[in-house]
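Right, one structure below, let's go through it.
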Amino acid sequence: MRSENTVTNTINRYRSFRYALILEGVAVGAISGVVVVAFRYLLGYAEILLNSVLNYGRTHTWFVPVWFVVLAVAAIIVAMLLKWDSLISGSGIPQVEGEIMGEIDECWWRVLLAKLAGGLIGLGCGLSLGREGPSIQLGAMAAKGFSRITKRVKTEEKLLMTCGASAGLSAAFNAPIAGVLFSLEEIHKHFSPEILLSSMAASITSDFVSRNVFGLKPVFTFHITHMMPLGTYGHVLILGVIIGLMGVVYNTCLSKSQDLYQKLPGQTMRLLIPFMLAGVFGFLYPSVLGGGHSLVEVLSSGEMVMGSLCLLFVLKFVFSMVSFGSGAPGGIFLPLLVMGAVIGGIYFNAVGMVSGSLDGLLGNFIILGMAGYFSAIVRAPITGIILISEMTGSFSHLLTLSMVSLAAYLVPDIMRCAPVYDQLLHRLLAKQNPDKKAVLTGEKVLVEGMIFHGSAAEGMKVSEIAWPKTCLVVSLMRGEAEFVPRGDTKLLAGDKIVVLCDETAEGQLHRTLQEFCETVKMQ
């Protein structure tokens, strides 16, 4: 009887919370916004402190070995935090995706504390990592904490975590629309009114909190004064192809770097490498330290020559691989955007050596490089286009950004190079659950799925799909109509289904939905 009541409550709650979820999204946006803004604010002071330390070390050589000792201690502390909770490793985005899929279960307060501390230490010491991944995970964990404290049901909790992830990205980059799109395009990989509206409420609220602290200016303050002439659009496509190839190199090298690090004994040893290298670069070539936000502003000034750009890209690329591969808490968004900007600058200078057809368009190629590299690596082109537009404060370049993103997307897709977060999620799940065994817990969750055009499920009856044993299709939405399907109900493209399942079968259900409903079959 209790199980039946739980199922009934879950379904009734799902049907009644669609509008309440918007208000909860506002609450989550405010909470996540405060957490992420605090993280971003402290990172700003950490960067100022790091620059002061390095400047002091350049004029007082006795301080150099002291700084390396500090870096070693920092590496040991981060290793201890990773031992306390291994799920703070890396960007945190695969962890959020894995939890929403039902594959992992993070301790929200432990991840919140450890990620905050580990991220501040790693980025504060100069590792080539970004703030956006930790911000997304921090936002999601703050939302999970809100859900647990207010005793939300599992289905609602996952939607609130999505709201928190959107709010995290929004507060990290002052990019509310990109925060919403990232949740739709990357985390859930389908559109849903519940996800869209609640994430939008959270993202806007979080952005409001952020702008009250950091002001109304966009993240990048350089201005692009020229629109690209139609005659230069061929260069946009060429750049997109080049960036697509570089994206394949990036994803491949990132995977290989993690493989190499796994051969080293102990987490402390793995972390000592990037922390020591941060000390070396700090005194010899500080431009590669940190995420590289200020570097984009320098690039846009046009002061760097071709040789300097090439050297910067190589060193930034290598240091990013070393930093992220070690498992240190930190993201890849900002470093990859910076590297994309450098590629755009290199292309601009290379063409400029041959002709002057691109004069005055350096800023254009910088943002094209950023959007294209994001699309090639993350494989979320819409998010990349809007993210760059919001970060620069200009939506006047959507056509060229779309062209370069499409070209950069197609190259790795044709070469069958998996998106970076899919790679990282697969690695995480293989590590977390090597021999996962399902045990029925009585906890029930509702999972949404969409029937894609050309998928195997299109035209099939509900009973013909190999659902996991503990799953039941409880709702089918076709346009504005909603009804309870039967076994002989035929599924059509565009249908949205809601499946009730045991919590332990959620991961298997997601794989079934992906195989039958979301994968387009070529016949």
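Glycine is no exception: its Cβ is also placed from the backbone N, Cα and C atoms.
Those TrEMBL annotations? Automatic predictions, nothing curated.
The domain 'RCK C-terminal' annotation in TrEMBL covers 434-515. Mean pLDDT across the domain 'RCK C-terminal' (434-515) comes to 79 in this model.
The transmembrane segment annotation in TrEMBL covers 21-42 (among others). Residues 112, 116, 119-120, 131, 134-135, 138-140, 142-143, 145-146, 152, 156, 159-160, 163-164, 166-168, 170-172, 194, 197-210, 213-214 of the same chain lie 6 or more positions beyond the ends of the transmembrane segment (21-42) yet place their CB under 8 Å from a CB of it.
Under the heading transmembrane segment, TrEMBL lists 62-82 (among others). When Cβ-Cβ distances below 8 Å are used as the criterion, the transmembrane segment (62-82) is approached by residues 53, 56, 88-89, 114, 117-118, 121-122, 125, 266-268, 271-272, 275-276, 278-279, 282-283, 327-329 of the same chain, each at least six residues removed from its ends.
As annotated by TrEMBL, transmembrane segment applies to 159-184 (among others). Residues 21, 24-25, 28-29, 31-33, 36-37, 40, 93, 96, 99-100, 131-132, 135-144, 146-147, 152, 190-192, 194-196, 198-207, 209-211, 214, 218-219, 380, 382-383, 386-387, 390-391 of the same chain sit 6 or more residues outside the transmembrane segment (159-184) yet have a Cβ under 8 Å from a Cβ within it.
Long-range contacts of the transmembrane segment (230-250) within the same chain: residues 317, 336, 339-340, 343-344, 347, 351, 357-358, 361, 365, 368-369, 372-373, 375-377, 400, 403-412, 415, 417, 420, each at least 6 residues beyond the stretch ends and with a Cβ under 8 Å from a Cβ of the stretch. Annotation source TrEMBL lists transmembrane segment at 230-250 (among others).
Residues annotated as transmembrane segment in TrEMBL: 271-292 (among others).
Annotation source TrEMBL lists transmembrane segment at 304-324 (among others). Residues of the same chain lying 6 or more positions beyond the ends of the transmembrane segment (304-324) and with a Cβ under 8 Å from any Cβ of it are 90-91, 122, 127-129, 250, 253-254, 257, 273-274, 277-278, 281, 285, 287-288, 292, 295, 298, 330, 332, 335-336, 338-339, 342-343, 345-346, 349-350, 353.
The transmembrane segment annotation in TrEMBL covers 331-350 (among others).
What TrEMBL lists as transmembrane segment is 362-382 (among others).
Annotation source TrEMBL lists transmembrane segment at 394-411 (among others). Outside the transmembrane segment (394-411), and at least 6 residues removed from its termini, the chain residues within Cβ reach (under 8 Å) are 224, 227-228, 233, 236-237, 239-241, 243-245, 247-248, 364, 367-368, 371-376, 379, 381, 384-385, 388.
Residues of the domain 'RCK C-terminal' (434-515) grouped by DSSP class, helix first, strand second and coil last, total 16 helix, 28 strand, 38 coil. Only residues 6 or more beyond the boundaries of the transmembrane segment (271-292), in the same chain, are considered here, and those with a CB under 8 A from a CB of the stretch are 47, 50, 54, 57-58, 64, 67-68, 71-72, 74-76, 78-79, 82, 123, 125-131, 264, 298, 312, 315-316, 319, 322-323, 326-328, 334-335, 337-338. Beyond its flanks by at least six residues, the transmembrane segment (331-350) meets 90-93, 128-136, 235, 238-239, 242-243, 246, 250, 254, 291-293, 295-296, 299, 304-306, 309-310, 312-313, 316-317, 320, 324, 358, 361-362, 365-374, 377-378, 388, 420 of its own chain at Cβ-Cβ distances under 8 Å.
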